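Among the features that TrEMBL reports, compositional bias 'Basic and acidic residues' is placed at 1-11, 19-31. Residues annotated as region 'Disordered' in TrEMBL: 1-31. Look at TrEMBL and you will find 83-103, 109-134, 155-175, 197-216, 223-243, 255-272, 346-365, 386-405, 472-492, 512-531 tagged as transmembrane segment.
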Amino acid sequence: MPDADRRDTQEKGFLNHMASKEQRPRDSDHAGKLLPQAEKKLHQAVCVLLVELCERFTFSGIVCNMILFCTARLGYRSHQAAMVNMCFVGTSTLTPVLVGWLAENLVGRIKLVYICTFLHFLGTALLPVVSFPFEDIYTDRRHVLLSLPKREQKIVFYFALLTASLGTGGIRAIVCPLSAYSLEDCGPKELLSFFNWFHWLVNLNSALVFVSISYIQQSVARNLGFLIPFVSGLMAVITIHMVRGEMIYKPKADSSLLMTFGVIFSALKMSCVRYRYFSTALPNWLDHAKENQGGQYSETQVEGTKSLTRLFPLFTFHILYRTCIMQIPSGYYLQTMNSNLHFSGFVLPVAAMNVISIVPLLILVPILECINSWLFSSKDTGHSPTIYIVAGHFSAVLSLMVAGFSEMHRKHFPQVEQTLPQEVLLVSSMPCFHLAPQYILLGVAEALVTPSCSLLSFQLVPERMRGISMHFLALFNGAGCFMGALFVQTAHAGTQGNWFPHLLHEGKLERFFFFLASLMMVNTLGFWTIAHRY
């Protein structure tokens, strides 16, 4: 028996030794596989970021001088041009939600990527057609290349904007969603850091666009500047084609926008029925949608929707804030266009003033990173991003107040003639740099509000609901853009053009700013009363 036991022990030792020898190559093979996977993830992240920057470059290039193009080239009134600009931004904000729904339910993701990239290419390619004739390019000394009638120009212009916005929605929703950056395992500190630096990089890209493209469009080749968005869109299309297999993110199919709306409508229906025929009450009205309460949805789906509806007050107060931010490419742009743009013999591009609103964000993000690192490392765990949101909302109020006083101040300067593309404007001789404080304050607001709001939308919902939460944030952001257009139209029509005039020296634009500031102040106080929920 001892010999048998010794023999068994030797056999077991031999087998263990052989197993360990086999395990070592297996472990080395596993480690060898991990390295290419890490490189592939890094390559995918770089490609996604490159496409994101190309798309934002295109988008900013279209927006930066649209008001000047609409007034000088298409003959629009100032309020109409501002509304077109805000509606384009709003549409580009909403289309990712629409395209995301199409990708989930009707069309395959790969097929939809090709469709959207084609639409993006088509829209950016049609914009130069609207810009003809190129004043810089002639077939000979008498004939220009091409000239479209005004009506056809407007049709092509709107079709180009629509197709470009649809293409933008596809790229943002399918190729560049936030989920593609692998944020599942990140804590609050890492998420806030990601959103800070992500918006920092996007705004740095926008600053380069506003300086370069706006100058080309306005001064060097005027309408030729619309070719630059076309080239940028072409870069995005080529990038998507090169790495389409690695960069197309496939989300989990356990939640969708339709499911969320279905839970809400089912709960409303069942709660109305119970209120009418029964007297039983549930802790939360959404519980009526649960299967054990007569509804059609599982408890997991209902609980996820409950966590999402908790964010609806935050999203609602965000609408008016987004309306205020939209004053940069509308009301503030018109103020700058009607101010003296000459600086040391050089004519500044109108949209270049937007860079002043971006500079505070570029400066504040590293400072906020240091503050956040200290707060998260300290023992105080009660730190909440809502402090930043309240401060940002108040900064937006101050910006609108300063804009109103600046408009009153601008009218005290004598008027001078200023030549812009295809028109000579009678503008105030006040230097445009006097408007810098209002741009700076809105830039501070963006640096404080946007990353914090993104963090709350991402952090306070279950992982499977994060994409839906960002879709809802986009819906409310788009609503803010369209509300801004509605405010402009209402102010112009209700005051016979006095509050949003075509020629600023003939109206009272400051009243529009003061009105918006008062609404934003009420909005800030309202959010402050519910900020403790987050």
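Using N, Cα and C of the backbone, Cβ positions are placed for all residues, glycine too.
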Answer yes if the transmembrane segment (255-272) and the transmembrane segment (155-175) have at least three CB pairs under 8 Å among residue pairs 6 or more apart in sequence, and no otherwise.
no
Cβ contacts under 8 Å made by the transmembrane segment (155-175) with residues that lie 6+ beyond its boundaries:
48, 51-52, 55, 58-59, 62, 74, 84, 88, 91-92, 94-100, 103, 109, 112-113, 115-124, 126-127, 129-130, 148, 233, 236, 240, 247-249
Looking only at the recorded stretches 83-103, 109-134, 346-365, 386-405, which one has the largest tally of CB-CB distances under 8 Å to the transmembrane segment (197-216)?
346-365
Listed stretch, out of 109-134, 346-365, 386-405, that has the most CB pairs under 8 angstroms to the transmembrane segment (83-103):
109-134
